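Asks: Annotations for this protein, taken from TrEMBL, read as follows:
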- H171: active site, tele-UMP-histidine intermediate (ACT_SITE)
- 33-36, A66, 82-83, N158, 164-166, Q173, 319-320, 324-325, Q331: UDP-alpha-D-glucose binding site (BINDING)
- 41-55: compositional bias 'Basic and acidic residues' (COMPBIAS)
- 9-181: domain 'Galactose-1-phosphate uridyl transferase N-terminal' (DOMAIN)
- 189-340: domain 'Galactose-1-phosphate uridyl transferase C-terminal' (DOMAIN)
- 37-67: region 'Disordered' (REGION)
Amino acid sequence: MESENKPNFDPRDHQHLRYNPLRDSWVLVSAHRMKRPWKGQVEKPSEDSVPRHDPNNPLCPASTRANGEVNPEYDSTFLFENDFPALQPDAPDPGSDHHPLFRTKAARGVCKVMCFHPWSDVTLPLMQPEEICKVIDKWAELIEELGPTYPWVQIFENKGAMMGCSNPHPHCQVWASSFLPNEPALAERCQRAYLQKHGEPMLLEYARMEAQAQERVVVENEHWLVVVPYWATWPFQTLLLPRRHILRLPDLTSQERNSLASIMKRLLTKYDNLFEVSFPYSMGWHGAPTGHYLKEDMNHWQLHAHYYPPLLRSATVRKFMVGYEMLAQEQRDLTPEQVTLEYLHKIAHQILAFKTQKNTNP
């Protein structure tokens, strides 16, 4: 009788744990917390328009950077050495360890900055697909250039002041390191173990299952799939996956690169339309490690990109990873399925509004 009185589980109302196989960790999902009134911090939306060209902006064409170098009058992508690199190729070795509690290792590498476009007011979703293709081609070239020397080449973009971006000009960074960083090392271990146990690359199987279920798919095309991961931590987090087995960006065919440019534009346009704001996020590519790993069997890896936006309820309310998240484990306030419906509902509403406007305006 007692079991008959228990309510049926509903992920929208009952907290539960979800497993993240890429990190071998668990996420606490507490969707009912979205019902609580918000009395926390409210961000001020940016009121300043970004000028197309600012001669004082060090990322603009023909501008002078901090080291005194003058940028060329570039008209596409532009790559240069970071003037304030976190990694340097000739850093000295700190020496041997003296105690297990006080360990150090050498860390060497190079850091580059890549501008996407000569105009400061043109973000990726506002660029033409052929312009985005040039960005993708340059990313692949960087993997080929730096990969033979460094085991990890991290391509990442921080977009928006909310994500710590100090310059509004559309750009990304590339850090190549002599070591395998923590997150890629974790993904390496988990993907290798999954293939050994299940006989198929983890994310290849995952993409196929998500495409079949259609519960968390945000956008898709012939070669790519974007989903809100089943184990997502950030509210509007997405995972960009190829449909075929691909290890690294240089392995993409020209058709797949064109298709990637298209789906990136569609995804980032959805982000901007979600709260009608230039959507902040951090994104990055993860592919099979390089360096000495190029000579090893890395078929357990699958190329993918992570998008981590901080916004929670609106353009002015963000998700903070504090308290329980820092001291216990990751927690989110919306189920990934609810977020996917929010994407689809918003787009459907915008289509309806467009049709209404078109019918009422001669």
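Numbering starts at 1 and runs along the chain as displayed.
Even glycines carry a Cβ here, placed using N, Cα and C.
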Asks: Using CB atoms and a 10 A radius, I'd like the single residue among the binding-site residues D83, E325 with the highest neighbour count.
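Replies: When each Cβ's neighbours within 10 Å are tallied, E325 leads.
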Asks: Calculate the distance in Å between the alpha carbons (Cα) of H171 (active site, tele-UMP-histidine intermediate) and C165 (UDP-alpha-D-glucose binding site), and round it to a whole number.
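Replies: Counting only the Cα atoms, the answer is 10 Å.
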Asks: Show which residues of the chain containing C165 (UDP-alpha-D-glucose binding site), separated from it by at least 6 in sequence, have their CB under 8 Å from its CB.
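Replies: Looking at Cβ-Cβ distances below 8 Å from C165 (UDP-alpha-D-glucose binding site), excluding near sequence neighbours, one finds N158, K159, P280.
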Asks: Same-chain residues six or more away whose CB lies under 8 A from the CB of K319 (UDP-alpha-D-glucose binding site)?
Replies: W234, P235, P310, L311, L312, R332, D333
Asks: So for the residue listed as 'active site, tele-UMP-histidine intermediate', how many other CB atoms are inside 10 Å of its CB?
Replies: 20
Asks: Taking every residue in the domain 'Galactose-1-phosphate uridyl transferase N-terminal' (9-181), what is their average pLDDT?
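Replies: For the domain 'Galactose-1-phosphate uridyl transferase N-terminal' (9-181), the model's average pLDDT rounds to 90.
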